[in-house]
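Asker: Encoded as structure tokens, here's the structure I'll be asking about.
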């Protein structure tokens, strides 16, 4: 009797599992229940004791959503993708090596000065989780521009490399390489192998992408996530079950740099137009309504799962990325409607122009490059954009490219009233390069006989020109020319203390007022580089107050200038030769430094 009951139970379980396995929407609803449990746990965890476990469970929910989406892809699509991977593996490996070399070569040396948001975003934020001063991964980070989930690579990097700049630069380099590989597939989808090769090579050597791939993880990851959103949108346009994947991408993008949200809006608009077109072609209203509701449920559930616990944080959306909106500017609000429109049009002209020319009146986060695209790609972008706009019967990808290129500047620059900020428009770089690539194809078509040769020459020249400018002209160092030698002196001091690393010592960086220009950044750098050591930045007045009887023994004083009052205690110095006739620059010297050497002095007590 018990054997029959056991067999009956097994049959029932097998039937339930079989039903669950074959029912996509039931799997999606199960994800929603799972997410509800996660939200309840997060809400109940007031002391943040379970936060790492909630993060792990939430990550598992996202992975489950990805697995469900993957399982729903027709086998013919999977077979085609595997076939492409096998056929293109040599090119993919070659592109990976090329992109990786450009991003990790002399990574600790160039850019030499680590001073800016890149240090805080995953360096300091990651260190805060290690020390326990921050425990909530789902809260908003600096400038309310992203969540602390993006600090996780910094935590891993710090455990491996300590307080070295490599700890936060290597994750940026790796996500930069991943972005290049995704663009290969994007180019392949559009223009086959030639498109994949050209597009990935252009992105791999782009000066602006190289800069952020060697510095700011948060910014460069926005390009990667924007591509994931586009690919999810492309798959959704071909398979309605992929709306779950699109929802996951939309939801997770809420954690990324706020610039990604413009991509979400552009892809959503493109998908909406496609769905309206399909609905108009289908005369069966009830069928259209059913499919529309089905897709809406999938995308909403995917969004909830991808967004995760952050969605129940009070005022998350109200705080995130909205502080600098032009509509909050009293000057803009108090002007006439006509003036408002004129201001918006002028801002849009400047913002869209960032793709292909340098507007000297605009602000640039990376002054080494006045436009998002490098020469001669700026010219091919104009050619490609014109040709794409005039093209009849555009593919979904082509329509979406145009939608992205026209919408991203509006949301990321115009509405914040700050044209020119490339870090906010970097999400558009892969699509701007795709359009420039289209321009290269159009230029090559002028000569059928030398078509391939022209493609190769234009691609190689563009790539070489960008790479040369970035490394030889030191474009990543241009943004620190304004404070120049001071930044380098402080970098020497911070690295010396990190290398000396004697916990029994007190380290004093002698500061005149010039060091106070970026005092917050200096303190953050010292905290990251020299965590656990006693380090202070003091001027003469502060030294006199703190040490009225003189600087105590077992103290190292680091000086920018060889001051007479400390001269008898100076025991060593760190100087670098700064030749002005060398082809490969000395990255440890300030750019455009005309003297023969530059360095710091070290006094011991």
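Using N, Cα and C of the backbone, Cβ positions are placed for all residues, glycine too.
Nobody curates TrEMBL annotations by hand; they come from automatic prediction.
Since this is a predicted model, take the numbers as computed values, not measurements.
Pulled from TrEMBL, these are the listed features:
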- 24-44: transmembrane segment (TRANSMEM)
- 50-70: transmembrane segment (TRANSMEM)
- 91-113: transmembrane segment (TRANSMEM)
- 143-161: transmembrane segment (TRANSMEM)
- 196-212: transmembrane segment (TRANSMEM)
- 217-236: transmembrane segment (TRANSMEM)
- 256-276: transmembrane segment (TRANSMEM)
- 296-317: transmembrane segment (TRANSMEM)
- 372-389: transmembrane segment (TRANSMEM)
- 401-417: transmembrane segment (TRANSMEM)
- 423-441: transmembrane segment (TRANSMEM)
- 450-471: transmembrane segment (TRANSMEM)
Asker: Quickly jot the same-chain residues contacting the transmembrane segment (196-212) by Cβ under 8 Å, restricted to those at least six beyond its ends, or write none.
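Answerer: Residues packing against the transmembrane segment (196-212) from afar: 88, 91, 95, 98-99, 102-103, 172, 176, 179-181, 183-188, 219-220, 223, 366, 368-369, 372-374, 377, 422-423, 426, 429-430, 433-434, 436-437, 440, 455, 459, 462-464, 466-467, 469-470, 475-476.
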Asker: Does the transmembrane segment (217-236) reach the transmembrane segment (450-471) with at least 3 CB pairs under 8 A, where each pair is 6 or more residues apart?
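Answerer: These two segments do not touch.
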Asker: Three or more CB pairs closer than 8 Å, sequence separation of 6 or more: does that hold for the transmembrane segment (372-389) against the transmembrane segment (423-441)?
Answerer: yes
Asker: Among 24-44, 50-70, 143-161, 256-276, 450-471, which stretch has the most Cβ pairs under 8 Å to the transmembrane segment (401-417)?
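Answerer: Ranked by Cβ pairs under 8 Å, first place goes to 256-276.
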Asker: Near the transmembrane segment (91-113), which same-chain residues lie under 8 Å Cβ to Cβ, leaving out any that are not at least 6 residues past its ends?
Answerer: 85, 164-166, 169-170, 172-174, 176-177, 180-181, 184, 193, 196-197, 200-201, 204-205, 210, 213-215, 467, 471, 474, 476-477, 480, 487-488, 491, 587-588
Asker: Please give the sequence-distant neighbours of the transmembrane segment (450-471): residues at least 6 beyond its ends with Cβ less than 8 Å from one of its Cβ atoms.
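Answerer: Hits for the transmembrane segment (450-471): 102, 110, 194, 197-198, 201-202, 204-207, 210-211, 368, 374-377, 380, 440-441, 443-444.
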Asker: Can you work out which residues elsewhere in the same chain, 6+ from the ends of the transmembrane segment (423-441), have a Cβ less than 8 Å from its Cβ atoms?
Answerer: 179, 183, 186-187, 190-191, 194-195, 198-199, 202-203, 206, 208-209, 212, 216, 219-220, 222-223, 226-227, 230, 259-260, 262-263, 351, 354-355, 365-366, 372-373, 377-385, 387-388, 401, 404-405, 408-409, 412-413, 416, 455, 458-459
